[in-house]
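*Asks:* Mind having a look at this structure? Questions to follow.
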Amino acid sequence: MASAELLYKQANDAFFEDDYDEALELYNKAIDLDATNPEYFLKRSATYQKMKKKGKESLADAEKALSLIESNEHTEQDSIKAKALLRKGIALFELKNYQEAKKSLESSKELNPNEKSLATWLKKTETELEKIPKPTPTPPDSAGFLSQSRVRHEWYQNDNFVIVSIFIKNVKKETVDVYMTEKSLSVTVKLPTGSDYSLELEPLAHEIVPKESKYEVLSTKIEIKLKKANAGAKWGVLEGEDAVVGSVAYPSSAKRAKNWDALEKEISKEQEKPEGEAALNSLFQQLYKDADDDTKRAMLKSYTESSGTCLSTNWGEVSKGNVETKPPEGMIAKKWTS
């Protein structure tokens with residue numbers, strides 16, 4: 001009966017003569033007699049690679065050889081380990097696992113940088129890696145770009161229109177759906193995340209004329225102009241029944257979290273409602289009294305710097321710079337004085 005060493009030698013001869021079926025059969029017999037020699041597994045791994053479509057078998061033999069090398073002492077351990085890592089890298093390449101193939105090939109290079117075939121396989125692997133599409137970067141605000149909670153709306157009015165601004169940047173017109181009735185406004189915007197932003201105002205404080213109302217999608221916001229059914233009437237609030245005509249209207253930066261318009265209405269029930277500037281001062285003082293320190297700072301800074309055209313409770317936003325004066329259409333800005 002032939003020894004494992006003799007069978008291994010005969011298998012090598014068949015391999016060099018390109019008779020891979022014969023070589024594989026002889027390597028199998030050698031391994032059956034001696035399954036502790038990593039060289040046997042490495043040569044069978046190379047044979048599988050020559051036979052094509054045997055990537056998994058080739059990888060298994062390369063990993064078996066590595067396991068034997070790491071568990072036993074060999075005279076030329078680095079040299080044979082480098083060979084096993086090279087064989088593993090080639091098998092991974094054939095299996096299209098290019099990332100792991102590169103790691104294995106680079107590990108082999110560290111142990112034996114003079115191996116001639118390494119440079120070729122590394123170059124082939126890097127070429128394949130370059131073909132793989134890079135993942136699309138996550139947009140800013142990974143928790144949900146332009147999430148519902150981060151979109152705000154404001155409103156102001158003139159004699160003929162109530163203007164509602166929804167602040168979302170770079171929205172495409174085809175993603176915006178605006179629906180109006182005489183007493184309601186519904187806006188839906190499809191966000192880049194796939195979710196929807198929705199603004200539902202029903203009932204509006206007063207009636208509008210939908211056919212004469214319009215909207216425009218700008219680079220920084222969606223601007224909706226609601227035509228007043230009763231021209232000249234002053235809306236005290238944007239949403240909800242509002243029987244008080246001629247009340248003060250101002251831009252609001254809050255979205256349902258705090259309804260300052262509703263609070264104004266409640267105050268008017270508790271005391272005789274002053275008119276004109278006195279009414280606005282009374283409202284401001286009432287809101288200011290019940291606010292925390294950051295809200296107070298935001299109210300004072302925004303109202304003063306905007307000459308009374310903006311009342312914000314968001315100190316994080318207001319503290320970033322001067323608040324611009326933005327009077328409603330048909331009105332002239334003037335500085336507010338205490």
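Cβ coordinates come from backbone N, Cα and C, glycine included.
Feature list, courtesy of TrEMBL:
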DOMAIN    148-239  domain 'CS'
DOMAIN    249-338  domain 'SGS'
REPEAT    4-37  repeat 'TPR'
REPEAT    82-115  repeat 'TPR'
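I'd like to know what surrounds each of these features in this structure.
*Replies:* The helix, strand and coil residue counts that DSSP assigns across the domain 'CS' (148-239) are 9 helix, 46 strand, 37 coil.
Across the repeat 'TPR' (4-37), the DSSP tally of helix, strand and coil residues reads 27 helix, 0 strand, 7 coil.
In terms of DSSP helix, strand and coil, the repeat 'TPR' (82-115) has 27 helix, 0 strand, 7 coil.
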*Asks:* What residues in the same chain, six or more past the boundaries of the repeat 'TPR' (82-115), come closer than 8 Å to it by Cβ-Cβ distance?
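*Replies:* Sequence-distant neighbours of the repeat 'TPR' (82-115): 38, 42, 45-46, 48-49, 55-56, 58-59, 61-63, 65-66, 69, 121-122, 124-126, 128-129, 132.
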*Asks:* Tell me, what is the mean pLDDT of the repeat 'TPR' (4-37)?
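*Replies:* Averaged over the repeat 'TPR' (4-37), per-residue pLDDT gives 93.
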